[in-house]
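What follows is a set of notes on a single structure, which appears directly below.
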Amino acid sequence: MTTRKYFGTDGIRGRVGQFPITPEFMLKLGWAAGMAFRKMGACRILVGKDTRISGYMFESALEAGLSAAGADVLLLGPMPTPAIAYLTRTFHAEAGIVISASHNPHYDNGIKFFSGQGTKLPDEIEMMIEELLDAPMTVAESENLGKVSRINDAAGRYIEFCKSSVPTSTDFAGLKVVIDCAHGATYKVAPNVFRELGAQVVVLSAQPDGLNINKDCGSTHMEALQAAVVAEHADMGIGFDGDGDRVLMVDHTGTIVDGDELLYIIARDLHERGRLQGGVVGTLMSNLGLELALAEQNIPFVRANVGDRYVIAELLERNWQIGGENSGHIVCFQHATTGDAIIASLQVILALRRSGISLAEARLKLRKCPQILINVRFEGSSVDPVTHPSVQEACARVTEQMAGRGRVLLRKSGTEPLVRVMVEGEDEAQVRAYAEELAKLVAEVCA
């Protein structure tokens, strides 16, 4: 496959003001995308964003580029990433564009695309956009310029879609839930979904100012949510990330329930009701305990590369319906075409209500193995620390010493200049020692 110049594992992402996250590039990207989709005929493109301040700047630039290429533009404003995937389908648009850097701080931003089916763009379309980015920009004749309009009922449409993922008889009366919206794209829609289903809702971090997205809140900083659940005597807490495609939860004791545990709760419920199609897709980072617990239920399990696009690709290839990551990306194909945090959390609550147990009790049904993850920064290094002979040798030695009762995984982040060192096994002290040893070696190789 041709090497991509601009697109990473999940679109294009980086620091605002540094290439390619600049207004000039976004103008050209809008034009290139518009030209690529125009090759299929007249086209409409949806554009949505999260709440970071730079989103307004990039929205305007993309809008101008798309219009210059002759593509019509529908602006959604701040909306969760999965909402943009859904609305792209329902508006029969040729594509959807999301302006977001997901769980990253406000000073980062990025772009990702959805196809007209609400799925990741095919590789050939990405490559066509890449080629056009390096071509001279042209402008359509005046009468052929794209028209731009704003969709004012997008939030209401998506709220109804989320509610449609649960039976019409669903009533969350008696359920008290704390929701942390990360000052992000779910801040309007998520509280309304749960309120309209009858839950008592306490809302945290739903006052976006353009700079506070993901700051000490949401699924990457769960401390405030944990404290609020205990203080409010709530049944559970739900923590979303800035663009609403990942979710972690908190049980009534204030304990975090991660993506592996949430995935297991949903999968087990589907399996017990005879509704599980095939098996479950995890990733290389999924806890060994998840694999073992699913095996006890005779549920097939496979690991994809890290990243929701790889989970989705594996699900499509196997014609399975459910998969996810321990970070909280959970894909329920029976309801949505991509990871959807609100829909995933609704499926967890439904599973708990069917089984009659609390989130705390459900969490304990999955016995996780100790897993230590250490991030090592490597900026400007010409050496690939993952494939370096001394690092490979050390990984092989540690794997041999764990004698089949653990795993070692080294991988480079697709979005940040990090090497992730993960060691997993039965003895936490031993696992930590191995992880620290390998991380130290990786840092030395990078230096």
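Cβ atoms are placed via backbone N, Cα and C, with glycine included.
Here Swiss-Prot flags S102 as active site, phosphoserine intermediate. Sequence-distant neighbours of S102 (active site, phosphoserine intermediate) (same chain, six or more apart, CB under 8 Å from its CB) are D10, D50, T81, G110, D241, G242, D243, D245, R246, listed in sequence order.
Around the Cβ of D241 (Mg(2+) binding site), a 10 Å sphere holds 32 further Cβ atoms from the protein chains shown. Among the features that Swiss-Prot reports, Mg(2+) binding site is placed at S102, D241, D243, D245, with the record citing sequence analysis.
The phosphoserine feature in Swiss-Prot is assigned to S102.
Each of D50, P80, T81, S100, H103, G184, A185, F240, G242, G244, R246, A341 belongs to the same chain as S102, D241, D243, D245, is absent from that list, and has a C-beta within 8 angstroms of the C-beta centroid marking the Mg(2+) site.
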